[in-house]
Amino acid sequence: MTKALGTFRAFYLVALCCVGSFLFAYDTGIVGGILTFPSFQRDFQYTTKDKANVGSLSTSLLQAGAFFSCFFIWPFTARFGRRWSLVLASAIFNVGAVVQTINTHHLAGFYIARFVSGVGVGMATVIVPMYSAEMAPKNIRGMLGSMFQFFFTLGVMTSYWVDYAVSIHIPDDSSAQWQLPVGLQLVPGTILGLGMLFTKESTRWLAKKNRREEALQSLIWVRGGDSHDVQEEFGEIIRSIDEENRIKAGLTWKELIEPVNRYRLGLIIALQIDAPQIFGLVGAGQDKLLLTGFFGLVKVVACLFFLLFLVERIGRRGSLLAGAGLMGIYMLIVAILTVKFPPNPDAGLTPPSIASLTMIYLEAMSYNISWGPVPWVYTGEIFSSRVREAGIAISTSTQWLFNFVFSQATPHAVKNLGWRTFLMFSIFNFALVVFVWFFITETKGKSLEEMEELFARRAGVTIARPVEDGVASEKEMGRHAEMQSPKSD
């Protein structure tokens, strides 16, 4: 009963905080739809020729807000914790959503609101992987971490169907046609903020702040009750944090570039750079492909399949290898089909075009069982507690930066390079297979405390164990020993 309750609470907690991922996806997805609505164009008084520029700014300003907030949220969450950080992220996002919903008749107001919402979204994308990894049991941490991408695909799919529904059922002369899908953002935004008020703070953050009784109670709650395993896990957390504090008293920027942390930070930045180029690639046919609920449904199903059946079986490394290899093959096929059978918009769906569409759907499925969820899992789990906030903030800001770069560059690449764009992405994905093979370390089944030794070995650094095997008594691993203040020998 205890284990089942703990599993339920872990899923509940992670699902609740992953509403932040849903927010980002939904907020991004609805823009493509509402910009096609005559009601939105009429209310904000811009012409058809300005539509592309309006869409670009609406997306870019959200990404800009998210990028800059990554650096603000790092010191905030380090000081005030994960729960209150998500509450603040929710509040900021909702302010932006309210202003977006108001018919101001001025695009400047809409743009400012997009930037404000982006700040809230960016904060959430830093905290959610961190909070999920810190609270998840190690045996299902990959599954729970993958929920970030699952909620993302769910948000995208929801935005497609909402846009489709209002375009059919609400007339073009009504402002409600665009206000309803925009205003619906407030529902998940409010759920995230209010829900965080009734959950437990991160065990590892509390322990790091020397609030150890609260930390123990948090761990007992999320594991479904007290037990020897819970006491043992808590003892491991405490010993790891005490050793980190003993070795170095304060965090500095220099510590981030020490070998063991430089290696981890480099891996995460490399993983995050790849994600937006895949979205950009699929976005090359955005008007005909992405604005369909069925395409969103394919991505949801693929990510759900990965979450339930693959992530804890084949691990992080296997998922990335398979995903990059398959995406490289699919994009190579699209390049060959495009050069051999150039698309003709007036010809309708020909067999080569159907084959190309199939490859893009398969590429999206491959992405959502590998490079979609895994980088978020990896980001949340590989950093030590001393540098976790800074490491995740830097890696997430990298993701937002390259989201912006590729969203701006890919349409121009497709226009100017044609089929060579697909070939370029194919080569890039095959290069990622080599990168993963030589550099990515498998973390499946490892506790967050075991990561330090794992990555120290890969970086060629030797670290001392905080407690030798057999030295600590069972009591020292239990409740009473954890409550003692650390002392130097």
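Each Cβ is built from the backbone N, Cα and C atoms, and glycine gets one as well.
Keep in mind that TrEMBL annotations are predicted by a computer and have not been checked by a curator.
Just so it is clear, the model here is predicted, and its values are computed rather than measured.
The domain 'Major facilitator superfamily (MFS) profile' annotation in TrEMBL covers 13-444.
Annotation comment: TrEMBL describes 469-489 as region 'Disordered'.
What TrEMBL lists as transmembrane segment is 12-37 (among others).
Residues or ranges marked as transmembrane segment by TrEMBL: 57-77 (among others).
Annotation comment: TrEMBL describes 84-102 (among others) as transmembrane segment.
Within the same chain, residues 14, 17-18, 20-21, 23-24, 27, 44, 57-58, 61-70, 72-74, 77, 82, 85-86, 88-100, 102, 145, 148, 185, 189, 192, 202, 376-377, 379-380, 388-389, 392-393, 396-397, 399-400 sit at least 6 positions outside the transmembrane segment (108-131) and bring their C-beta atoms closer than 8 Å to a C-beta of that stretch. The annotation transmembrane segment is assigned in TrEMBL to 108-131 (among others).
Annotation comment: TrEMBL describes 143-162 (among others) as transmembrane segment.
Annotation source TrEMBL lists transmembrane segment at 182-199 (among others).
The transmembrane segment annotation in TrEMBL covers 263-283 (among others).
Per TrEMBL, the feature transmembrane segment maps to 289-311 (among others).
Same-chain neighbours of the transmembrane segment (318-339): 271, 274, 278, 281, 306, 310-311, 352, 355-356, 359-360, 362-363, 366-367, 369-371, 373-374, 418-420, 422-423, 425-430, 432-433, 436-437, 440, 442, counting only residues six or more beyond its ends whose CB sits under 8 Å from a CB of the stretch. Look at TrEMBL and you will find 318-339 (among others) tagged as transmembrane segment.
Sequence annotations record features per position, and here TrEMBL assigns transmembrane segment to 421-440 (among others).
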Let me check one thing: do the transmembrane segment (84-102) and the transmembrane segment (57-77) come into contact, meaning three or more Cβ pairs under 8 Å with sequence separation of at least 6?
yes
